[in-house]
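Notes for the one structure printed next.
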Amino acid sequence: MFRIYLALASLTTAVMAVTQEDNSYQRELTGDYWLDGAHGELQKALENQNKGVAKNIILFIGDGMGPTSVTAGRILAGQLQGKKGEEFSLTFEKFPQTGLSKTYAVDQQVTDSAAAATAFLCGVKTNRDILGLNARAQFGNCSSTTGANVHSILRWATNAGKSTGIVTTTRITHATPAGAYAHSPDRDWESDRLIPSSEKQCKDIAYQLIKENSDINVILGGGRAYFYPENYTDPDPDPKFNTSEVSRTDGLNLIQEWEAEKKSKGVFVYNKQGLDKVDVSSTDYLLGLFTQDHMSFDVERNASKEPALHEMVEKAVRILQRNKNGFFLLVEGGRIDSAHHDTQPVKAIHDVVAMDKAVKMVLDLTDSSDTLTVVTADHSHVMSIAGYATRGNPIFALSDLDGVINTKRTLDHLPFTTLVYANGPGYKVPRPNITKVETGNVNYVSQSAVPMKSETHGGEDVAIYAHGPQSFLFAGVHEQSYIPVAMAYASCIGPYAKEESKLCARPAQNIPTIKNSSSRTSIPRQPYILLTYLSLIYITCHRLVL
């Protein structure tokens, strides 16, 4: 009995030690630190067995957020909090279920965002640059789209009586958000001006959003210029943006068309002040287009004019969750990709951290007992984390070796940054000496091995992180097209609607829950908790004996 008491006392002391912040990191030198951490992860895994129905589905897409972007984002987020960084975890990295997604397109080893969006939103893989159509459709050929339309999980949710929303930091007509509502043989047909005269029988993407998808409740992002006719005066013009290249030639003011159709039920806003004033209790439809083109990188964002991603997400969730039938929300951290194409890692990785903040906002506003949250990427990029930098070395800095800038291992005896690219605009011969270059500057262009005007996507698998009802479905390696099918099954919509499939003839989970006061996460009370606790006691006793 004495040993049991001793074991409990030792276990309590160990748990308290783990939860206290120790800036010296000396505890990492002990084996117990890592074993105790593993046991904690095991307990969380055993507790998360939610097999109920997902009333709400929230899908986060980090555009271009491959594995190295996640790792760099984790380190940056930790370093911004004064930690070394490597040991930190992003919010979505704490989700109980993790899998991998194979991102290739029907016609390419390495996909683009349009084909990827069709896969993870419609459940159908297609060819590059094509949106909402199967692979029978030919790029740029409008006549080939007949009979090729495929529908997205957003449409399945609408048909099930749920509210729907799209939030992005790109143009709302860009590839990822457009995958939720558009059918186009060319992702670039965002305005009617951009469609060749020979293909005018196809409708442009902005038109499809406003005129053919008016039931979407929340639409927030950039790209106002694609909705206005030529010579229209924008309410907040950007002098650097040439509207004549994208403005509409059909004379339609699609924003006015939207306002006329919604009347008192809808609100249009174009800046942060307008968004802040939106009354979520009385607004059924919200259209917010905050820039003429893409929204700004988070690290360059004018906070008084442009809302942050997490601020848009908060407004969207508060509006959508008024529907007793639930909702589907697509959220994209879209500028990660843009920065990677320019080989500007500071901008890219700060946008990873900004998206993670939006994920935390969702967890604070929802309950995991009825909300399935999935975080993934459409594809990766060719950024790598190179060298043998010292633990805690700033992630945007030059790679060091034992605290000294690493030039011993490079054949040209020149330094390099931890984050580098396999190809892109940063290629120079001979390789310049960047010892005195401010590599942490937002506009720094990282070095690259192969000269290209724009850095390319990467073809490796990307991670899937899942939390909530049926999240265990995402464990393992899956085709990217599996993602919306699994989400639909979790929510009993689309091909798994209750009236159409016996697979969804299951009740919502009815297990007592423990509310976590620090977030809105609910933890099912399972017998596994007692089993894990006893296991920890046994392990502690075993250590005492030894």
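Backbone N, Cα and C atoms are what each Cβ position is placed from, and that goes for glycine too.
Keep in mind that TrEMBL annotations are predicted by a computer and have not been checked by a curator.
As recorded in TrEMBL:
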- S113: active site, phosphoserine intermediate (ACT_SITE)
- D63, H174, T176, E332: Mg(2+) binding site (BINDING)
- D63, D337, H341, D378, H379, H457: Zn(2+) binding site (BINDING)
- 1-17: signal peptide (SIGNAL)
Cβ neighbours of H174 (Mg(2+) binding site) where a neighbour is any other Cβ within 10 Å: 29
Mg(2+) site, defined by D63, H174, T176, E332: further same-chain residues with Cβ within 8 Å of the Cβ centre: I61, S113, A117, T168, T169, T170, A175, P177, G333, G334, D337, D378
Length of the line joining the Cα atoms of H341 (Zn(2+) binding site) and E332 (Mg(2+) binding site), in Å: 17
For E332 (Mg(2+) binding site): DSSP state (helix, strand, coil): strand
Distance [Cα-Cα, Å, rounded] between D337 (Zn(2+) binding site) and D63 (Mg(2+) binding site): 5
Residue, out of the binding-site residues H341, H379, whose Cβ gathers the largest set of other Cβ atoms within 10 Å: H379
Candidate nearest D378 (Zn(2+) binding site) in space, where candidates are the binding-site residues D63, H174, E332 and distance is Cα-Cα: D63
H457 (Zn(2+) binding site) versus the residue listed as 'active site, phosphoserine intermediate' - Cα distance in angstrom: 9
